[in-house]
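**Student:** Let me give you the structure first, and then I'll get to my questions.
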Amino acid sequence: MRKAFGDPADAALLPEEEVLVENAVPRRRRECTTVRHLARRALGELGHAPVPLLRGDRGAPLWPKGVVGSMTHCDGYRAAAVADRTRLSAVGIDAEPHAPLYDDLLDLVSLPPERDHLAELERQDPRINWDCLLFSAMEAVFKAWFPLTGAWLEFEDARLTFRPRDRAFSAVVLAAGQAAAREAGIGDAEVPRGFTGRWTVEKGIVVTAIAAGDFAGKPGCPVGGT
C-alpha cells in the first residue's frame, strides 16, 4: 500500500484523467491527483507501466487487466493498494479523520448489535472513536465487495465486529446482501459470505483495509502504524 499525508509536488494526472476533475474544486483535484499518483507507483512495483485510472460503475476505479485494487482519500491522507488478481480476489481500503460521527449518523450506519458492541469497546478503550472505525470498516467492506459482485451493499446488509488486541475486524454479509449478489448474477457458491480486515489509527487518521484471498475473505491485510 502506498500512502501520503500530503500532496507530493510531482503528483500529476494523465491527460485522459482530466475529465475526472473538470468541474472539481482545488481540494478535490489535489486528492484525485495524489491518489492516482500513488496508485501508479504501486502498480509500477507490480511491473505495470503508467496507465490512466478512470472510473467504472458507481465510481469504482478501473484497474489494468489482472489487477485488483482500492483507493481512498480524506482530509490530510491519501492511499492506494493493488495486488495481482492471481494472489488476491479483492482489496478494499478506507481512511477517515479520527473523529466521532455526526449526531444520529451512527443509527443510520449500524445495526443494534453493532451499537451494543461499540458501547462495550468504548468502555474498554475510550481513546478510539469506535463509531468512526465502524463507518470506515464498512466502507472498506463495500470496496472489496462491489468489484466481486457488482451489487450494492447497504450498511445494514453486513454485521461488523472488532478485535482490539489484534487491530482486526470481521464482517459477515447478511441474507439481504447475499441476495443482492445473486440478483446481480453471482452464483451462490461465489457470493462472499464475509471479510476480515485490519485497522489502525495513525496521525489522526483511521485506516481500514481488507485483502481477500478467496471469496470468503479469510486473510486479513495488515495496514501498519500505531
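Heads up, residue numbers simply count up from 1 along the chain you see.
Cβ from N, Cα, C; glycine included.
The following feature annotations were taken from TrEMBL:
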DOMAIN    16-83  domain '4'-phosphopantetheinyl transferase N-terminal'
BINDING   R28, R36, T72, H73, D94, E139, K143, L153  CoA binding site
DOMAIN    90-170  domain '4'-phosphopantetheinyl transferase'
BINDING   D94, A95, E96  Mg(2+) binding site
**Student:** Which ones are near A95 (Mg(2+) binding site): of the binding-site residues R28, R36, K143, L153, which have a Cα within 10 Å?
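**Tutor:** Close binding-site residues: none.
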**Student:** Average the per-residue pLDDT over the domain '4'-phosphopantetheinyl transferase N-terminal' (16-83) and send me the rounded value.
**Tutor:** 96
**Student:** Centre the Cβ atoms of D94, A95, E96, go out 8 Å, and tell me which other residues of that chain have a Cβ in range of the Mg(2+) site.
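**Tutor:** After dropping the recorded site residues, what remains is T72, C74, Y77, I93, S136, E139, A140, I205, V206, V207, T208.
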**Student:** Where's the emptiest Cβ shell within 10 Å among the binding-site residues R36, H73?
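**Tutor:** Per-residue Cβ counts within 10 Å for the binding-site residues R36, H73 bottom out at H73.
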**Student:** For the binding-site residues listed here (R28, K143), which one has the lowest count of neighbouring CB atoms within 10 Å of its own CB?
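**Tutor:** Each of the binding-site residues R28, K143 was scored; lowest Cβ tally within 10 Å is R28.
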**Student:** From the Cα of E96 (Mg(2+) binding site) across to the Cα of R28 (CoA binding site), what is the distance in angstrom?
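**Tutor:** So the alpha carbons of R28 (CoA binding site) and E96 (Mg(2+) binding site) sit roughly 15 Å from each other.
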